[in-house]
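Just below is one structure, and these are the notes that go with it.
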Amino acid sequence: MATRTTSAPRGSSNSKSGGSGSGRTPAKTGRSGTGTARGKQAAVVEPQQPWILRALAGVWLGIGHVVGAGVRRIGHDVSDLDPADRRDGAALFNLALGVFIATFAWWGFKGWFPDVVYSIVNGTFGWVSLLLPLILFVCAFRLFRQPWDSRGNNRVGIGFLIMTFAGTGLAHIIGGQPTVADGFEGLRRAGGMLGFLAASPLAAIHPAVPVIVYGALAFVSLLIVTATPFGAIPRRIRGAYEHLMGVDLVDADAQRGDSHDRSYLYENEAAVEPKKKRRKRFFGKDRDDDPTLEGYVGDEAFEHAIVDDDAPPAKGGPAVPPGVRRPTQAEIAVEKIKAAQGLGSPKAVADNATEAIPLVTPTAALSPAVPPVIVPSAPVGPPPPPTPIPQRTEQLSLAGDVTYTLPSSDNLTPGSIPKERTEANDAVVAALTDTLQQFNVDATVTGFSRGPTVTRYEIELASGTKVERVTALSKNISYAVASSDVRILSPIPGKSAIGIEIPNTDRETVSLGDVLRSQNARRTDHPMVMGVGKDVEGGYVVANLAKMPHLLVAGATGAGKSSFVNSMITSILMRATPDEVRMVMVDPKRVELTAYEGVPHLITPIITNPKKAAEALQWVVREMDARYDDLANYGFKHIDDFNKAVRAGKVVPPVDSKRIIKPYPYLLVIVDELADLMMVAPRDVEDSIVRITQLARAAGIHLVLATQRPSVDVVTGLIKANVPSRMAFATSSVTDSRVVLDQPGAEKLIGQGDALFLPMGASKAMRVQGAWVTESEIHRVVEHVKGQLKAVYRDDVAPEAQKKQIDDDIGDDLEVLLQATELVVTTQFGSTSMLQRKLRVGFAKAGRLMDLLESRGVVGPSEGSKARDVLVKPDDLAPVLAAMKGQEAPATPDAHTAALSENANANIAVGGYAEDLVATDLERRKQVTEYHDGADGIDDEDEGGEDAWSLTGR
Ligand SMILES: Nc1ncnc2c1ncn2[C@@H]1O[C@H](COP(=O)(O)OP(=O)(O)OP(=O)(O)O)[C@@H](O)[C@H]1O
């Protein structure tokens, strides 16, 4: 692409970023560590080494830095290299070794030590050892000047190795193929021992074979060292000719403008580049430092598998008069967009911009003269019209001929029209491009998609630019856009681009009504579908709770959990009848879910007591077992199949059973603060949750667990392993984010409904802005559903749930206190020692029980060693016991009768329910629970193959 060929010079960018440190991750990190900090450490001698070694290393490095500073100033000055990138120690070693070999190989120095080394080097490589100093000098030069270019350095090193090997083979043939038997002198004058070993086996076939093989290998090694692909050889030869003869063939061609390579030169204004630079390029010298080399077709072939396929001007295109520069692709692109903007048609602008964006050069994009040609990647449309959600007539007749209408969508008000692009976005684009430019990162902002809370800006890198160079800038970007909540996605899933998510200074609220009226929400009438919110691209996100199948919602206080839970419950109330979905709500905070008290979808009053909540979870386990028994007895794998068969009349109870089999509704269990439950009964709660989550999917039972304390003692490993879908709102620490999502990210969210949604099966979390539903909307919906049906609660879910809490001072002693009361009242004898004996408790406990009895008015005050007066008559025992249990009054059979008749009046089938009141747990397992009112409601068609979540169009 032109963006790449015409990008800012890599060499210069690297050289200029020196000193910043954060401007890039050094190339050597691939080998030696993770970035600048590590690079800096690498220059420091390990502390455990003896001081003498540290001192020597320090001296060596000091000399290396001095020599390196000089070498970096030769020619094109690269002395502002980042200190963390330097590899002066290694470079100095190459240089010193080269000088040392040159002393005897080139300058004939004598002495025992040079003689020994000479024998080794010359005996190994023959006369090729004459080239070794040169090779080492080149390596040292590269290491001093381009230490960050590890790939380039490796390439040159490998090229030289092959060249040396091939050279010794050829030298062996040229030197007359001496053998070991002829003595070492002969080998030294040829290719040394290495040449002998390399060439003699091939020469045994035919003397021409090693010449051909090593000749070819030497040629290839030359191409590798100079980074010349085969296709670029003619150009290099032409460059050599030009250099030798002083003719500027390249310019002449460029003016004709009819070749691929020449087109590049037009784009890079290379037609006017000084000859000196082109000469450098030909010799492969400084190619990484030479701005004109960037993108030179084929130059990078050894380093980059993908060769740029930029569209050059067509062959034989219109000639450009000498002296007139052909417009670059980028300029053409910008002109196109300008023209489209002139038309005033947003579509034309978008079309042309889409076409043009890939062609915009960084220079064009960064130039203040040219406005950033950036459009939202996915143009955002207006919210769905507030048309009513279609009524689902087939599901609305409840058992007993009750007509139930779902709440009208008018109850949920439409949100504001989302904006595609605002001034705030333009300001951020300018700040981003400016930051990239300042740090010489060869990348460009190619587009953005504006979501309600954050906008994701897309950055494309030029060929050869490391992703880390952008990610390392995260703090600078935060600084530039004045936001601490910058999140970098590398890459954006499914795109070769880096995403930078930056909060909108002008954020928008996502109305639940809009989400539920969106296309995807309308496409299915599955009763468990909820409106989640909007993603970063502005698409509506809806999710099927039945497919999740269990969800963990976590986030710091005030991050938006309760609002999410409200949206979820309201979605269910808007879309499902009580026959389709029943709910158990646990709200230890006591305030969050009170608005839903009395909705007919509840099977028990909202549970606020954590102890009762733990019991309710155990009830859910029993309910699940009962459903499983039914599935097993009738041979079904999923409750949906069972329900289908029931509706088709294919499920017949045993002849002697009075049971009426009805479809099971989905059961949604919502816990608004898991931490409170885990505090009172961690083991029981965890056991129940794990059992439910492992099995409940097939039974149509789904859990939603919300917590503001996503620590490991609340969201234990076992719970996590079994709750596959996660919704993370802003967390207070990265640790919390890891607990919820197994990855960081949630700590960077900005609260107020900003969330990362990781549904089951998704590998990457999706950023969404949660749907928002106001209290008055909730009130309207709840009034509608309550106005049609009264809630019919089961007693056995959380028997004490609707009753008063036991007094704190009784604590865990309720059972024994009841026994003591019974004992004292029936015997009318208030003695502590009697309690000790009869209840088998210690003196201290018996004394405490007596104090409790006194505080409840059962006995009088202590009278020394005498027994206390008993103030309650045996006839009044029952109300006293009830009061101690926290009950208003003892439950009477009449209360049940009244409830049952009320249900009957509401035409709800209560047969199963009445039976359950008398059934023991054991019997229940056999008989199968039928707390539900009998429904014919789950529309199974909608479930096939549908994902747990999906994005809609707008
Ligand atoms: N989806 C949303 N859209 C807009 N604003 C929201 C959204 N969700 C939450 N907020 C804002 O954030 C505030 C706090 O949200 P919420 O009460 O849901 O937080 P929470 O996580 O439940 O906190 P806590 O744990 O203390 O109850 C809300 O009062 C509202 O102003």
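Every residue, even glycine, has its Cβ placed from backbone N, Cα and C.
What TrEMBL says about this protein:
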- 1-10: compositional bias 'Polar residues' (COMPBIAS)
- 1-42: region 'Disordered' (REGION)
- 91-109: transmembrane segment (TRANSMEM)
- 124-144: transmembrane segment (TRANSMEM)
- 156-174: transmembrane segment (TRANSMEM)
- 186-204: transmembrane segment (TRANSMEM)
- 211-233: transmembrane segment (TRANSMEM)
- 538-738: domain 'FtsK' (DOMAIN)
- Gly555, Ala556, Thr557, Gly558, Ala559, Gly560, Lys561, Ser562: ATP binding site (BINDING)
- 930-954: region 'Disordered' (REGION)
- 936-946: compositional bias 'Acidic residues' (COMPBIAS)
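Long-range neighbours of the transmembrane segment (124-144) within the same chain, counting only residues 6 or more positions beyond its ends whose Cβ lies under 8 Å from a Cβ of the stretch, are 67-68, 71-72, 87-88, 90-92, 94-95, 97-99, 101-102, 105-106, 152-153, 156-157, 160, 163-164, 167-168, 171-172, 175, 187-195. Across the residues of the domain 'FtsK' (538-738), the predicted structure has a mean pLDDT of 88. Taking the mean position of the Cβ atoms of Gly555, Ala556, Thr557, Gly558, Ala559, Gly560, Lys561, Ser562 as the ATP site, the remaining same-chain residues with a Cβ inside 8 Å of that point are Gln708, Phe729, Ala730, Gly751. Candidate binding-site residues: Ala556, Ala559. Fewest other C-beta atoms within 10 angstroms, Ala556.
Non-local neighbours of the transmembrane segment (186-204) in the same chain are 122-129, 165, 167-180, 210, 213-214; each lies 6+ residues outside the stretch with a CB under 8 Å from one of its CB atoms. In sequence order, Phe729, Ala730, Gly751, Gln752, Gly753, Asp754, Ala755, Gly770 make up the list of same-chain residues 6 or more apart from Gly560 (ATP binding site) whose Cβ falls under 8 Å from its Cβ. Annotation for Ser562 (ATP binding site): same-chain Cβ neighbours under 8 Å, separated by at least 6 residues, are Glu592, Asp672, Ala706. Between the candidate binding-site residues, Gly555, Gly558, the densest Cβ environment within 10 Å is the one around Gly555. Remark: of the binding-site residues Thr557, Lys561, the most isolated position is Thr557 (fewest other Cβ atoms within 10 Å of its Cβ).
Filtering Ala556, Gly558, Lys561 by Cβ distance to ligand 1 (under 6 A) retains the following binding-site residues: Gly558, Lys561.
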